[in-house]
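A.B. asks: Sharing a structure with you now.
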Amino acid sequence: MSWIEDPGWREFRGLNLSNLKVDQAYVNVTSLLYSPLWLYTLSDECYKCPYSRLTSIPPRQGHILTIETKHRASWRLLLDGSREVIPRQNRSSVICELEPSVGEFGVYDLVISGTESGDVLCSMTTAKEPVNIYLPLLVCLLGLALIWLICTLVSSGIRKWLRHRNRIIEPTSGSQSASFSDGKVSSQQQTTQKRRLKCLDTFRGIAIVLMIFVNDGAGGYWFLEHATWNGLQLADLLFPWFMWIMGVCIPISVKSQLKRNVPRHTMFFGAFRRGCILFLLGLVLNSSWGPKLQNLRLFGVLQRFGIVYFFVATLSIFLTCRTYRTPKVPLVAATQDILVLLPQWIVMAGVVAGHCALTFYLIVPDCPKGYLGPGGVQDNGQFRGCIGGATGYLDRQILGESHIYKRPTAREVYGSGPFDPEGIVGCLLSVFQVFLGVQAGTTLSFYRDWKGRVTRWIIWGTVAGVLAGVLCLASKEEGWIPVNKNLWSLSFVLATSCFAFYLLAVCYLLTDVRGWWSGAPFFYPGMNATIMYVGHSVAFRMFPWHWSLQTMNTHFILLVESLWGTGLWIFVAVWLYHIKFFLSL
């Protein structure tokens, strides 16, 4: 923080600013009234919530408050503080309302006074300007861009030097010339073979690197974290992208094995084995806080990977034709990548319909039918135990409340109870998400022309995006089916798949078509994504990936620590690539 402000930033009017945490500020409240007051607040993130009591304000004296600045909030000053919460419609005993604009490490003065007419006047001024929390992000982004530029120039220089050196060495001996000639023939033969597409590993690497960065704290920036309930932020994109790209690779793998005449039952047992390994790995990671079986979380990220991979891979194994003749009718040929998946599309329609039936028609005790909210204090607490509606209810009934996630994103804002964002019901639409990746991979297999591939991916992305917009009515809270990562809602699946189609098209153009980008540094973690995920989960609190220095209460130091840990895992991935170590489950 000291690099942003003057050297005397630690002290201001006797207030020790270093005691503040990230996204906090001081408010000096002075009440000139003769009766005590009560301050109630309502965060903009809390949809349809009541005002919550924050603190009391003594009469005729100053009072220092530490407030959160992460999200905008509305304040109400009341004469009566007997209730913990008050509905926003209830304005009795309200003497003052404010919508303060506050920022991190700012200091503000709130003066409450009476007028001659008997009214109450609330005046809030800025005593010390807040810091610019976006400046560290800009500096780090410019620094990363500079590092990338230097590495690119150095790598390009080394390649040019090696080519120049080879041209000098080539004519020195006949045997060497013959050997070089043999190598040249081999190289030409290799170019006729199918090469591994860099875009797939680059895409996967982008997902896992950003996932590590977000899990490492993302510098404490709220917009890089998961949405509180409804909505879509950076962290919400990464898990679905990871699963989606897994789906892209499934038809490529199945087609390759069918060409090698691998029996379908062998492929099935291979998929079953991989699904079980992923599920067990997830259980192991869930026990990292202590293997207490009475409250061990049963589901999680890798568990969902294992389940949906097994289901979608099984469909592809048994519903993919071993041979396929290209149709002569132009319209049919243009849509053959869809027609060949028609049986699987029918299954997916059943999966989506089944999920919608459970979500909107299952009767949940003490909850309205089709409820999609976070429960807690929303709607003045009348549906407090209804978090996630049918989705949360089924998970609690099947898994037990002690075996699901205890700290959902809605807990801090809404005061909600346990809810598992990777629970059982969400697996249904995760299957559909992975299948949309299968559709993209099938397009990759059926069309050799890059324009045909990219055009179809863009069309698919646009269709998915439009459908998502229709379902959520292009609104965060008011749509028929809001975009919600916790519920893994249908609009969420379509919205994240929309961006996935677009991102794959961009990666494919840059890495495999034009060759303007090698995929670095994301390509390397993408080659060993499982090791990256498991490794960073195990080393979450270990040095050198993570460390603490004094108070760690600024976005800058948190961002440096997050980037440092993420960079070390990229370094590990590069090292694994160069020693030719690739983990395949």
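Cβ coordinates come from backbone N, Cα and C, glycine included.
Feature table excerpt (TrEMBL):
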type	residues	note
TRANSMEM	133-158	transmembrane segment
TRANSMEM	203-224	transmembrane segment
TRANSMEM	236-254	transmembrane segment
TRANSMEM	266-285	transmembrane segment
TRANSMEM	305-324	transmembrane segment
TRANSMEM	345-364	transmembrane segment
TRANSMEM	423-445	transmembrane segment
TRANSMEM	457-476	transmembrane segment
TRANSMEM	488-510	transmembrane segment
TRANSMEM	522-543	transmembrane segment
TRANSMEM	555-577	transmembrane segment
A.B. asks: Counting Cβ pairs under 8 Å to the transmembrane segment (423-445), which of 236-254, 266-285, 555-577 comes out on top?
C.D. replies: 236-254
A.B. asks: Grab the same-chain neighbours of the transmembrane segment (266-285) for me: Cβ-Cβ under 8 Å, and only residues 6 or more beyond its ends, written as numbers and ranges.
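C.D. replies: Answer is 254, 257, 296, 298-307, 309-310, 313-314, 317-318, 534, 537-538, 585.
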A.B. asks: Who are the chain neighbours of the transmembrane segment (488-510) in space, where the CB to CB distance is under 8 Å and they lie at least 6 residues beyond its ends?
C.D. replies: 197-199, 202-203, 206, 232, 236-237, 240-241, 244-245, 248, 352, 355-356, 372, 421, 426, 429-430, 432-433, 436-437, 440, 450, 453-454, 457-458, 460-462, 464-465, 467-468, 471-472, 479, 481-482, 516-517, 519
A.B. asks: With a Cβ cut-off under 8 Å, give me the same-chain residues at least six positions beyond the ends of the transmembrane segment (555-577) that come close to it.
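C.D. replies: 1, 3-4, 22, 104, 133, 136-137, 139-140, 144, 205, 209, 212-213, 216-221, 521, 524-525, 527-528, 531-532, 535-536, 544-549.
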